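The structure under discussion appears below in the form of structure tokens.
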Amino acid sequence: MKTSVLFAILGLALLFCLSFGVELEETGRECGGLMTRCDGKTTFCCSGMNCSPTWKWCVYAPGRR
């Protein structure tokens, strides 16, 4: 009984890690959020964000959509 509960918990943890990795891989190809590295040529920021020319990361830009 204890062993089966342990295997169930480990299985759920493994499933969570795999799904998180797949989701992270999918979002890696999209736009960058706050404090995400950008260069304005190949990597871009999401709406509401602007690529800072000084720091080369996405910063909040009020008024930009």
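Every residue, even glycine, has its Cβ placed from backbone N, Cα and C.
Listed in Swiss-Prot:
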type	residues	note
SIGNAL	1-21	signal peptide
DISULFID	C31-C46	disulfide bond
DISULFID	C38-C51	disulfide bond
DISULFID	C45-C58	disulfide bond
MOD_RES	P62	proline amide
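With respect to their backbone Cα atoms, C51 (disulfide bond) and C58 (disulfide bond) stand 5 Å from each other. In this structure the alpha carbons, written CA, of C45 (disulfide bond) and C31 (disulfide bond) are 5 Å apart.
Annotation for C58 (disulfide bond): spatial neighbours G32, G33, L34, M35, T36, C38, C45, C46, M49, N50, C51, S52, criterion Cβ-Cβ under 8 Å with sequence separation of six or more.
Looking at the residue listed as 'proline amide' and C31 (disulfide bond), their Cα atoms lie 17 Å from each other. When Cβ atoms from all protein chains are considered, those within 10 Å of C46 (disulfide bond) total 12, not counting its own. A simple way to gauge crowding: the CB of the residue listed as 'proline amide' has 6 other CB atoms within 10 angstroms, across all the protein chains here. Of all Cβ atoms in the shown protein chains, 22 besides its own fall within 10 Å of the Cβ of C45 (disulfide bond).
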